[in-house]
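Student: What follows is a structure written as structure tokens; I'll ask about it next.
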Amino acid sequence: MRLRWTQGGNMWLGVLLTLQLCSSLEGQENSFTINSIHMEMLPGQEVHNGENLTLQCIVDVSTTSSVKPQHQVLFYKDDVLFHNVSSTKNTESYFISEARVYNSGRYKCTVILNNKEKTTAEYKVVVEGVSNPRVTLDKKEVIEGGVVKVTCSVPEEKPPVHFIIEKFELNVRDVKQRREKTANNQNSVTLEFTVEEQDRVILFSCQANVIFGTRVEISDSVRSDLVTVRESFSNPKFHISPKGVIIEGDQLLIKCTIQVTHQAQSFPEIIIQKDKEIVAHSRNGSEAVYSVMATVEHNSNYTCKVEASRISKVSSIMVNITELFSRPKLKSSATRLDQGESLRLWCSIPGAPPEANFTIQKGGMMMLQDQNLTKVASERDSGTYTCVAGIGKVVKRSNEVQIAVCEMLSKPSIFHDSGSEVIKGQTIEVSCQSINGTSPISYQLLKGSDLLASQNVSSNEPAVFKDNPTKDVEYQCIADNCHSHAGMPSKVLRVKVIAPVEEVKLSILLSEEVESGQAIVLQCSVKEGSGPITYKFYKEKENKPFHQVTLNDTQAIWHKPKASKDQEGQYYCLASNRATPSKNFLQSNILAVRVYLAPWKKGLIAVVVIAVIIAVLLLGARFYFLKKSKAKQMPVEMCRPAAPLLNSNNEKTLSDPNTEANRHYGYNEDVGNHAMKPLNENKEPLTLDVEYTEVEVTSPEPHRGLGTKGTETVYSEIRKADPDLVENRYSRTEGSLDGT
């Protein structure tokens, strides 16, 4: 019975409200109170599935009225209202017929009287167990490989329900198949079960698990009706021919047969397997046949499988073949031989009958129809050898023997990819190669006496090694292969390594300050470099070297025996060798050289300079006084010839060039120098007044005492110019040589 409002619930609610209104009007005159309220479950709070359950709500009400008041009773399950009633009775009941799991829950009831309300505590009700499920089948007879649909349901319960369906063989307790499924929206499931080839009479069981909140109630397991299974084809059977002992060489016949019922829609596939190998099969009949000449290789377990869609039936048999003769054995004197050694092979059968035929083969090709083979080995004899022995139709192949004939290596050649010279640090490839000889070939490269690297080559191609030599080095390689001879050494490869020029430096051997006349020695050196090295010496601001030399040395010297001021300046040098890139000379530092004079030379030069200065001064002074003297005499001679002043020896008396008697204020040396110039030298017209002044000069005689005096009269010409012009005068002076 569903716990919810009926469709007439609204009507009942109206009636209850009306009754409550009336009660309230009456209550204005009477007093009411709810003393207590509680619930009772009959037969109890725990009931079994399918039992009836009664819910009672018991109310104790007190009133001043002589008539019992009408009150409202409401029933709740898990806080959801499912039933209400108006009553004047103290007890109201709600009946549940055949309680199920979903009726489990927490119940309570509420009483409403006028505006007063009281609710009971919650009462937990548990319905234990699940009603038994129902199992139905879509058929009770089925053919092998068919499908049976099984439906399991619990109509009385509400979902979700978890169903477990199991398949059993009749009278067998073990479960053949088990399947589970949960129905979330219904209380039944339908599952399909395939009928297998071993099934004869089968049945199914069903169990329902009802999930309610956190609780799960499990039903009893209910079995279905029996299902009869019919065969679509029989189990396969083997037929072996010949019967009894089968000897190698006999024709072996293996046949697998089945019987197909009329209910089968088509023939199944029949497969014969030797171990896992399929040797015969058939799809259009009731048998499959495998026929072959018997050998011991056919000793095996044979399986016959019959398969049709979902059905597979299997049968097995062991077939034994008696050996006619043993497998031949091939042996050799050695498996690795040097070229030219003797190769011997022999084939044998333990207890072989005389009629056995032998053939020795190499790589599947016949070499000799005999039991033994002897020959001188060559490299082309390398390969895989077998022996074939036959008696009648039975042919057997021996084990394989791998023969390797090794040709001796030729002397290996050694070479590298660069020229005769290698620049330091450059990677070179050194190759070793033996033209003749059996591969694989093992090469070892020696650098000096040390092993540099090893390499295995699977052909006669050269082995290539890489190295970065930093100095002159010798390489040698050793080649070896399978031959018993020791490793074959090559000739020695000598590689000359050229070190590029590094760190060019220019220095002076004595001092950067050189005394004039002493030697200058410049040294251009390199830290490292292979000769010959070209050195070029430069003076700064000069495009061409003043000295160039090529040496097999890491230094070069330029020597100047006697230095002069011309050698003073800044110097640098360039150096290069064959390892230097084209036009890429390395430049040194710049060196400043100063040339100074020797002290004695400085003194000599000073003396010479002083002497020259003195000489120049003397010459200048003499020239000056001579010029001055001429300037004094020249105007007098132009006026009249003056009588020479004679001393006591009748010699002319000359004025002392150092005297200052004739130099007086107004004297113009230029006038004296130019006294010979004509008057019309000046282009402008001049008005001149000429006066003559008598000058008496007294000069002492150099060879007489100061008391002796001489007098000379000199006439000077005085020209007067216009006032605008400069006035030149020649004053008349009288004096004596003694200055008085």
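Every residue gets a Cβ built from N, Cα and C, even glycine.
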Student: Quick test of your reading of Swiss-Prot: among 209-214, 503-508, 713-718, where does it put motif 'ITIM motif 2'?
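Tutor: Going through 209-214, 503-508, 713-718 one by one, Swiss-Prot flags 713-718 as motif 'ITIM motif 2'.
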Student: Tell me which of Cys304, Cys387 Swiss-Prot records as disulfide-bonded to Cys347.
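Tutor: Going by Swiss-Prot, Cys347 is disulfide-bonded to Cys387.
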Student: Would you please say which range out of 228-248, 543-563, 711-731 has the annotation region 'Membrane-bound segment which detaches upon phosphorylation' in Swiss-Prot?
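Tutor: Comparing 228-248, 543-563, 711-731 with Swiss-Prot, region 'Membrane-bound segment which detaches upon phosphorylation' matches 711-731.
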Student: Measuring Cα to Cα, how far is Asn301 (N-linked glycosylation site) from Asn84 (N-linked glycosylation site) in Å?
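Tutor: Counting only the Cα atoms, the answer is 82 Å.
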Student: Could you tally the C-beta atoms, other than its own, that fall within 10 angstroms of the C-beta of Asn301 (N-linked glycosylation site)?
Tutor: 11
Student: For Asn357 (N-linked glycosylation site), write down the residues of its own chain that are at least 6 apart in sequence and whose Cβ falls under 8 Å from its Cβ; none is a fine answer.
Tutor: Gln369, Ala389, Gly390, Ile391
Student: Using DSSP with the three-state reduction, classify Asn552 (N-linked glycosylation site) as helix, strand or coil.
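Tutor: It is coil.
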Student: Cβ-Cβ under 8 Å from Asn320 (N-linked glycosylation site), same chain, 6 or more residues apart: which ones?
Tutor: Ile246, Asn299
Student: Around Asn372 (N-linked glycosylation site), how many other C-beta atoms are within 10 angstroms of its C-beta?
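Tutor: If we count other Cβ atoms within 10 Å of Asn372 (N-linked glycosylation site), we arrive at 12.
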Student: DSSP helix, strand and coil counts for the domain 'Ig-like C2-type 1' (35-126)?
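Tutor: When I sort the residues of the domain 'Ig-like C2-type 1' (35-126) into the three classes, I find 3 helix, 60 strand, 29 coil.
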